[in-house]
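Single-structure report; data block below.
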Amino acid sequence: MDFSAIDELVERARKNDNFRTTDALYKEAIAEVEAACQNVGAAERKQLRHVITLLRKERKARGKEAESIKELYAAMQSLESPIDAPPADPDVWPAPPPKRSTTQNVRTKSTPSKSRINDGGDNVPVTVKKPVRKSNSQSAIVDKKSKQRAPKDDDPSGSSVPASVSEVTETPAADEKRTDEFVPRGYCPDLVEAIEQTMTRNGTEVCWEDIAGLEGPKELFKQTIVLPALMPNFFKGIRRPWRGVCMVGPPGTGKTLLAKAVATECQTTFFAVNCGDLASKWRGDSEKMIKLLFEMARHFAPSTIFIDEIDTIGSQRGQANEHEASRRVKAQLLVEMDGFCKEEDGKRVLVLAATNFPWMLDEALRRRFEQRIYIPLPDKPARLSLLRSSLKEVRIADDVDLETFAEQLEGYSGADITNVCRKAALMGVKRLTRTLSPAEIAKLSPEEVDLPITWQDLQEAFGDTNPSVSDVSKELWLGLIRIDWGWEWEQ
């Protein structure tokens, strides 16, 4: 593709001194790059997203520069204002207002003869301010009128504010900030700051191609998040997108990694929260934080709220050891997910959750998750793909058969397979430490240290790593998922 037009826009934005024009050029360049992302491959799309992030940072820096110039000019103007009189004693009657001086000052301004002398004089007109006692309100009004009615000779617009500063006050970036800024009402600033820390706009740079297997969940997320954003008129009524998706499965199967890919690929405002982000020692603050979280998500919609380990805050109600505060938090979460809070047009919020113990979730909360996805242990094709992606940065000996090794890893989770590959990659260094000291190893050449991984290395790593999911746990998972949760796609 030809990016010469985008380069020209960026160069013009960097060299332009007009903040308003610069912001418009940056917006146009970002729009061009986003349009180009739709017609390129995955690798080029990742690079273009990085370019978009850099352009947004440059645009934000120019906006901050404009705001600093505006504040500097306001500080300069405040130095020219008259010094206020000290506060009067409340027990003493104040002095009468200087009526004669105020009248004289008004006449001086409205006298046509003096204005003619100033306009027609050969010398440069000089405004002399007399030490007249005035109140703060009167001085502010007089100064404001004098600034508006006394244009300078080098400013044809009649404004005493420099052109660059006046453009800063009217930049579209400032208007966009005012409209896009979330203004909380009735919340403590500490709570707002805590929720803002969970929000991410740029994602975590994890693409669908980086995840081995799990084609079913990938397709479901594309149908739930990507297509409704592209076809909003189609996904209405009975076709409305899912508002709650819960990923369940054994530990280490890639649930959190899928959430990171959703944050990167779906281009929505992403909130990653857990139990610690919503916990507070003050009574009622946890419920306020949940309400504030959903209000902020609706403001920055379309948004995705990812709650990791949701069983910690969504366990079953009515138990003997349940605390009152925990019950209130669950009730507030249920109300926000599906209560009287109706979803407005364009204010689409998806609640994405992950848990290793779905049988501990409350029945009402389980009903809120309209889509329940079982993330199983990787099958043979997924294990083979995971082995190749984990070992792509190291050399492999000719005697290594990855397909045979993938069959041996049956019952291992994705995290277990990654640990096996990491141990196998370090086997060469482990053998060197048996005969050489660390100082002697550091003196070796890279070719002597970076040895290819052999079949023996893989077998030793396989023997040292046990699967994190036992056979009893697998039978429990298969029984509960088939009976209570159901399969979401064909295996």
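Cβ coordinates are placed from backbone N, Cα and C, and glycine is handled just like the others.
So that you can see what the record holds, here are the features copied from TrEMBL:
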{"type": "REGION", "residues": "81-182", "note": "region 'Disordered'"}
{"type": "COMPBIAS", "residues": "84-99", "note": "compositional bias 'Pro residues'"}
{"type": "COMPBIAS", "residues": "100-115", "note": "compositional bias 'Polar residues'"}
{"type": "COMPBIAS", "residues": "142-155", "note": "compositional bias 'Basic and acidic residues'"}
{"type": "COMPBIAS", "residues": "157-169", "note": "compositional bias 'Polar residues'"}
{"type": "DOMAIN", "residues": "241-379", "note": "domain 'AAA+ ATPase'"}
{"type": "BINDING", "residues": "GLY249, PRO250, PRO251, GLY252, THR253, GLY254, LYS255, THR256", "note": "ATP binding site"}
The domain 'AAA+ ATPase' (241-379) [mean pLDDT, rounded to integer]: 81
Among GLY249, PRO250, PRO251, GLY252, GLY254, the one of these binding-site residues whose Cβ has the fewest neighbouring Cβ atoms within 10 Å: PRO251
DSSP-derived class (H/G/I helix, E/B strand, else coil) of PRO251 (ATP binding site): coil
Site with most surrounding Cβ atoms, counting all protein chains shown within 10 Å, from the binding-site residues THR253, THR256: THR253
Under 8 Å by Cβ from LYS255 (ATP binding site), counting only residues of that chain that are 6 or more apart: MET247, VAL248, GLY249, ALA354, ILE375
Within the domain 'AAA+ ATPase' (241-379), residues counted as helix, strand or coil by DSSP: 56 helix, 29 strand, 54 coil
